[in-house]
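K.L.:
Among the features that TrEMBL reports, GTP binding site is placed at 11-18, 58-62, 119-122. Annotated domain 'Era-type G' per TrEMBL: 3-169, in sequence order. According to TrEMBL, the feature domain 'KH type-2' maps to 192-276. Look at TrEMBL and you will find 11-18 tagged as region 'G1'. Look at TrEMBL and you will find 37-41 tagged as region 'G2'. Positions annotated as region 'G3' by TrEMBL: 58-61. Summarising the annotation, TrEMBL assigns region 'G4' to 119-122.
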Amino acid sequence: MHKAGFVNIVGKPNAGKSTLLNQLMGEKLAIVTQKAQTTRHRIFGIYNEPDLQIVFSDTPGVLDPKYQLQEKMMDFVKDSLQDADVFLFIVDVTDKEIPSEFLTEKLNKIPVPVLILVNKIDKSNQEELEKAMLFWHQQIPKAEILPISALEGFNTDAILPKLKSLLPENPPYYDKDQYTDKPERFFVNETIREKILLNYEKEIPYSVEVVTELFKEKESIIFIDSIIYVERESQKGIIIGHKGEAIKRVGTQAREDLEKFFAKKIHLNLFVKVKKDWRKNERDLKNFGYR
Ligand SMILES: Nc1nc2c(ncn2[C@@H]2O[C@H](COP(=O)(O)OP(=O)(O)OP(=O)(O)O)[C@@H](O)[C@H]2O)c(=O)[nH]1
Ligand SMILES: [Mg+2]
């Protein structure tokens, strides 16, 4: 008997969705930063055992869209609300702001099992955790609740057996040696974007999109050319920095991560270009893969 299904990770920005995906997969598939709205796409992590295939999906955090890019991000979330066999709804135990009513309402309506993961308990205490567990039980009574730390891997090994018992009998959806739906270039783009999120402030990271134009793999080295698109000329200077120091730092940090990810030496060239107001331009967004 073979079980297979889609397990969709949903939650507010910064709750720890991508950290959880990486922890469950034992591999860094999704970029993680302390900034909200790090994830912009829907990313599949495909977990395989001889008699089991779980297709995890990481999604952007649920928010109220203010511009077209964010609308496209929410389209990915809407997709993930359509095709789940099980939901992993991840909430931050230390989050004092109002919860996402949109998600709570949806998850209550959809006749699919929900596992609520109360995350970041390493930063919390017993009292706060008990309060959160009670609160979430009242919000979504049908859900099972599990306290975890996605970062430290606390209780995360309890998730797989639970999912296995909930998933239907199905043949695998993907080849059993495939572990993601995304091409190599996607991971290059995302790694560079992660370093940009980490190295620049305010609007800069949110105004950046990365496109890899060359990915040429040789036996012992990969040659990569990537373009960093910004929205305005003034942002180009900030990305490059004084004497090119800022972009050099991004390049070095990205190369180090990519050498680990691909287990090969990497030669990385970065270029900066302006694509005016791309976040609000339907055609640019489409070209960048936001449909
Ligand atoms: N202390 C602690 N920090 C965590 C934990 N899980 C995630 N974080 C941190 O929370 C921040 C956000 O984590 P992400 O995994 O990027 O969150 P996300 O939900 O994918 O965020 P978006 O993609 O922006 O929606 C990062 O700084 C993580 O290191 C946890 O269990 N404990
Ligand atoms: Mg994320």
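Even glycines carry a Cβ here, placed using N, Cα and C.
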K.L.:
Neighbour count first, Cβ atoms within 10 Å, every protein chain included; then name which of Gly11, Val62 tops the list of binding-site residues.
P.N.:
Gly11
K.L.:
Identify which of the following binding-site residues, namely Asn14, Lys17, Thr59, Val62, Ile121, place a Cβ less than 6 Å away from any atom of ligand 1, and list them by sequence position.
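P.N.:
Close enough to ligand 1 are Asn14, Lys17.
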K.L.:
Please list the binding-site residues from Lys17, Thr59, Ile121 whose Cβ falls under 6 Å of any atom in ligand 2.
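P.N.:
With ligand 2 as the reference and 6 Å as the Cβ limit, the list reads Lys17.
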K.L.:
With H, G and I counted as helix, E and B as strand and the rest as coil, say where DSSP puts Lys17 (GTP binding site).
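P.N.:
Its secondary structure by DSSP: helix.
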K.L.:
From the DSSP assignment alone, can you count helix, strand and coil residues within the domain 'KH type-2' (192-276)?
P.N.:
40 helix, 29 strand, 16 coil
K.L.:
Fewest neighbouring Cβ atoms within 10 Å: which of the binding-site residues Asn14, Thr59?
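P.N.:
Sparsest of the binding-site residues Asn14, Thr59 by Cβ contacts within 10 Å: Asn14.
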